[in-house]
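In what follows, a single structure is set out as structure tokens and then discussed.
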Amino acid sequence: MKVGIIGAMEQEVALLRSQMNEPTTLQLGGCEFYQGKLAGKEVILTRSGIGKVAASVATSLLLEKFAPDCVINTGSAGGFAQDLHIGDMVIADEMRFHDVDVTAFGYEMGQMAQQPAAFPCDGKLIAVAQDCIAEQGKHQTKVGLICTGDQFMCKPDAIAKARADFPQMLAVEMEGAAIGQVCHMFKVPYLVVRAMSDIAGKEQVESFDAFIEVAGQHSAEMIIKMLGKL
């Protein structure tokens, strides 16, 4: 099995890259691709850059040039569930956009025109992730909705609107639904796994800066364990 792994930031891919066996490197379209072996699997590790457009470009290039059997998005997120803490994990069962609004044309809030309202994650990948979490037993883990948008959610009004629009949302980040949309269009199974670097409404900028490496490490450890079971 060939696995594509996408992280937006250096802190989200550094540990994974350090564990790869002599990866070959390709820089293309502002993205970096590292191809090699990790946990016994052929892996293409991708540093996409931040945001929906960067994630879409990276995912499209990854799928077109390397043809992985599945894609896993790793990294950090901001927690929205009241009982989540920094370092806790969220496994997405589906991804939605929180900053898309074409409801004037009869679409759901968050639904892009001519696209589904949500991009479901692959059930088999979810099950593998849950097994790994159960074995680790280190962090609280939830499975549910993660939403994506091109904004860092630190303003009270934006947080309140997101909660009202998506009351079931567990976490928010800036790439996952874009990756999900591209995988949907290419018909490739995918999964988003995120560790919490900050919690909505709780000194988020300072928290993110302090804990992004911790969140990246937790998420990377989870991915390595998953690879051993795929």
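Glycine residues also receive a Cβ, built from the backbone N, Cα and C atoms like all the rest.
It should be emphasised that the depicted structure is a prediction, and the values quoted were computed from it without experimental measurement.
What Swiss-Prot records for GLU12 is active site, proton acceptor, and it gives sequence analysis as the kind of evidence. Summarising the annotation, Swiss-Prot assigns substrate binding site to GLY78, MET153, MET174, GLU175 and lists sequence analysis as the type of evidence. Look at Swiss-Prot and you will find ASP198 tagged as active site, proton donor, backed by sequence analysis.
A distance of 13 Å separates the Cα atom of the residue listed as 'active site, proton acceptor' from that of GLU175 (substrate binding site).
Reported as a whole number, the C-alpha separation between GLU175 (substrate binding site) and ASP198 (active site, proton donor) equals 16 Å. Here GLY78 (substrate binding site) is positioned 5 angstrom away from ASP198 (active site, proton donor), judged by their C-alpha atoms. With a 10 A radius on its CB, MET153 (substrate binding site) counts 24 other CB atoms from all the protein chains. Here the recorded positions are GLU12, GLU175, ASP198, and the one with the most other Cβ atoms within 10 Å of its Cβ is GLU175. Spanning the residues GLY78, MET153, MET174, GLU175 that the record associates with binding substrate, the maximal Cα-Cα distance equals 14 Å. Each residue in ALA77, THR148, GLY149, GLN151, PHE152, VAL172, GLU173 lies on the same chain as GLY78, MET153, MET174, GLU175 and has a C-beta within 8 Å of the C-beta centroid of that substrate site, without being one of the site residues. Most other Cβ atoms within 10 A: among the binding-site residues GLY78, MET174, that distinction falls to GLY78.
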